[in-house]
């Protein structure tokens with residue numbers, strides 16, 4: 001029988017040399033390397049029986065002879081091997097192998113790690129057992145194949161390197177590791193094409209040894225293995241000579257220095273180009289951001305383009321007059337106002353008024369947005385305020401417009417978590433009315449959150465004039481609609497009807513409505529915008545986009561028809577209700593149907609009767625569902641109606657003094673314990689009971705109207721199912737026909 005087993009332990013090799021293997025004989029044993037402890041083991045194979053000696057040769061290199069003997073004997077006892085002759089023979093053979101391995105005395109745990117030009121490789125053992133099948137092997141041949149003789153390794157390493165026993169790192173191993181897992185610095189160096197590094201070690205000594213080898217090769221012939229060594233030596237010396245050249249080293253050094261300087265200059269130039277303005281000041285753009293001066297010649301907006309806010313426009317016209325003729329007022333001892341604060345809901349034209357001031361005043365105009373003063377860096381907001389006012393003072397008389405001023409002028413805080421949060425507003429307060437006066441600089445501020453502003457900012461001397469820019473009334477809406485209609489092609493438009501139907505619309509809403517109407521007309525292929533397009537656009541702004549078709553579920557459509565019909569019936573037969581405009585069961589936005597109203601005239605105050613009528617109309621939808629389909633079939637479609645009705649009832653009780661039980665008082669919402677204004681339990685109970693009573697009474701009134709006009713309600717619902725949308729004239733005709 002014959003078997004061969006190959007095992008390996010770490011060893012070193014240089015280049016691609018090889019040599020003839022050593023042969024050792026071990027009777028009845030098999031020797032191989034292992035990462036575990038040394039041991040002798042028995043094989044239980046039926047075809048042959050053998051005793052295996054498993055040794056960690058890396059461990060053996062660091063052990064003494066006595067220690068090796070003890071380790072082998074202990075392994076034999078643990079495995080039941082009592083043949084002393086066998087143990088001694090194994091120990092002798094192992095001991096005879098160690099000197100050749102101790103010549104190097106370098107053991108590493110990780111293969112393929114480079115040390116200079118030396119790379120780890122496996123030390124091969126091939127063990128061949130001899131003997132008959134079924135009997136104890138008569139002997140074994142151990143073939144040890146080192147990849148290079150220790151004699152050639154020794155000159156290439158210093159004594160300190162050869163004496164290392166455990167795993168270690170050198171410049172070469174670190175370089176190899178960096179090649180496998182390059183860092184950001186390594187990648188940058190490779191991108192910049194750094195010059196090659198010199199090899200570590202004693203180069204003159206290595207070169208001398210290799211020169212001797214070459215000289216010897218000229219006198220004697222060598223086999224292929226020796227020829228490979230000589231070829232390696234020639235290449236190594238050629239590389240060493242080129243690296244040792246002083247001229248080459250200096251050239252590479254100069255090139256590397258020049259390369260570094262060029263890279264630094266390029267990066268510095270790119271960095272400075274981002275933060276240098278046309279006048280040469282560095283970091284100016286960081287400090288001022290978008291706080292730029294606006295050229296009045298580029299602004300084509302005047303007060304003629306501002307409609308629907310005559311009171312605010314008149315206040316700003318006076319400011320413009322101050323700027324145009326300051327001596328007219330200074331002769332009488334008057335002073336220019338320090339600031340004008342524009343307050344109002346979003347979309348009412350505050351920014352448009354500021355643009356009109358810039359276009360009319362013909363003085364330098366600076367614009368900044370409040371959020372631009374907020375920065376991550378501490379102190380940047382205050383610095384931007386200083387820079388803005390410094391630039392404005394140099395161009396006085398001028399106007400500074402700060403949009404969304406509540407971002408920078410919010411109430412100061414005492415929070416220890418934000419100790420620097422007040423720096424920006426403090427700087428703004430100082431610039432507007434501090435120790436140094438800003439003659440000729442007027443500040444325009446715009447906000448829709450006046451209550452959030454610091455009180456010190458609102459006092460006279462900072463914002464002397466406060467202008468309320470509210471939503472336009474009926475006349476204002478007509479003016480705005482007339483202005484925007486001149487910019488499109490349109491048919492005959494009923495401005496009065498359109499203005500009444502857009503109650504509560506801001507100037508921005510009206511502009512958007514007319515733009516939507518123009519888009520719809522273009523999509524329909526019409527040459528001009530008609531009243532129908534404008535009404536469709538208004539419904540889209542109010543209720544959302546219309547869906548293509550009604551719901552495929554007929555039961556849902558029937559419930560929606562009776563629900564919307566309930567709103568219409570209650571509104572039609574309630575005296576103080578708004579007049580009906582349109583009823584539809586076409587889904588729009590989140591709602592499945594909608595009932596629209598148009599007030600007869602502008603309301604500047606609301607009476608209690610009108611509020612109760614509005615609540616009755618809102619309750620009409622849920623009341624219709626209950627009366628027609630039963631209490632088990634009421635739906636969630638009344639959620640919006642109930643929310644609005646609850647809001648009205650709550651305001652009537654808590655804010656408007658319209659409850660006899662609660663009395664003539666206002667009751668603010670409780671802010672919680674510890675705030676000093678917590679409501680008592682009796683008050684809370686009385687308020688809740690009164691709100692519930694008002695809602696219940698409204699619901700009963702709505703049901704009473706629907707019970708009285710059941711026939712009209714049914715006819716209106718059937719018409720909605722047939723025609724989907726009905727206007728005021730259609731509704732009136734259906735109800736009158738049902739009564740006859």
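Cβ coordinates are placed from backbone N, Cα and C, and glycine is handled just like the others.
As annotated by Swiss-Prot, topological domain 'Mitochondrial matrix' applies to 1-256, with the evidence given as a curator's inference.
Look at Swiss-Prot and you will find 257-277 tagged as transmembrane segment, backed by sequence analysis.
Per Swiss-Prot, the feature topological domain 'Mitochondrial intermembrane' maps to 278-740.
The Cβ neighbour count for residue 347 (ATP binding site), using a 10 Å radius and every protein chain shown, is 19. Sequence annotations record features per position, and here Swiss-Prot assigns ATP binding site to 347, 348, 349, 350, 351 based on similarity to another entry.
Swiss-Prot lists 563, 567, 641 with the feature Zn(2+) binding site. Secondary structure from DSSP puts residue 563 (Zn(2+) binding site) in a helix.
What Swiss-Prot records for 564 is active site.
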Top Cα neighbour of residue 567 (Zn(2+) binding site) in the set of binding-site residues 347, 349, 350: 347
The one of 564, 641 whose CB sees the fewest other CB atoms within 10 Å, among these recorded positions: 641
Entry from the binding-site residues list 350, 567 having the most other CB atoms no farther than 10 A: 567
When distances run from the Cα of residue 350 (ATP binding site) to each of the recorded positions 563, 564, 641, the nearest one: 641
Candidate nearest residue 641 (Zn(2+) binding site) in space, where candidates are the recorded positions 349, 351, 564 and distance is Cα-Cα: 564
Packing count at residue 351 (ATP binding site) (other Cβ atoms within 10 Å of its Cβ): 16
